[in-house]
């Protein structure tokens, strides 16, 4: 009986392994089919000129390599849906606008031309990314520190909570861009105005979020700390703040997109550098290949920042609030 069970178990494991290998091969084949089709089409001459496709082919190949690696590593957990969607969008765009010549070639440039911008304007784009990230880090750091500390104090002191929460609820819905023209006129440089826009725009949601976290802390945790007769600073910075850190870091992934949106819109108004300036400058000249390239860069930067936040959350936070 034992031998029969062992044999059945081995057969089951063998069939599962065969299924897993078969699924990996199928997923890789699907991704390869779409990637190969996209790359092959880029060499076909269309009605709209696309002089170079080097960068385009490289990026399509990189996407294929990334998803192939994920298919091998993730095995049964991997699904090629995202890769198929990405390649399908590029296929539709390439066939419709470049090969068949439908639409306005100025408004719908070939993706080969869009991706070539990454090579031709690499220094300009890199400088724009650096400038935008500098403003983002400074402005958001100010909002993060002041918003959480003040929110923690206001949330803990009932009188302050009653006084300031209604004011915050009135001011927080005001779009940050409303402040931009005034801050540009008020501040000595556009960089300082952009930092102020991000700081003001992100302060209120961070401030209100911290007040709500303080109010939702498990009463047993507070009672235990009070029983030890801890001081108010100790309660705030040794009990409440550590309890709140996981949710603070978790909210960053949601806030990062909002921050970047505020930054890009601010840079479009009066900046002389940055990703928003890059997009606005070339939209004024109707150079939509560069405009689309700028949009892709913004999306890539936001994605990378979210990935880094995920890694930081897993590495730095070894506990979760109970």
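Here, residue 1 is simply the first one shown, and the rest follow in order.
Cβ coordinates come from backbone N, Cα and C, glycine included.
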82-101, 102-121 - the one TrEMBL records as transmembrane segment: 82-101
Can you tell me which of 56-73, 82-101, 257-279 gets the most C-beta pairs within less than 8 Å of the transmembrane segment (133-157)? 257-279
Counting only residues at least 6 beyond its ends, the same-chain positions whose CB falls under 8 A of a CB in the transmembrane segment (82-101) are 30-31, 34-35, 37-38, 41-42, 44, 46-48, 50, 60, 63-64, 67, 108-112
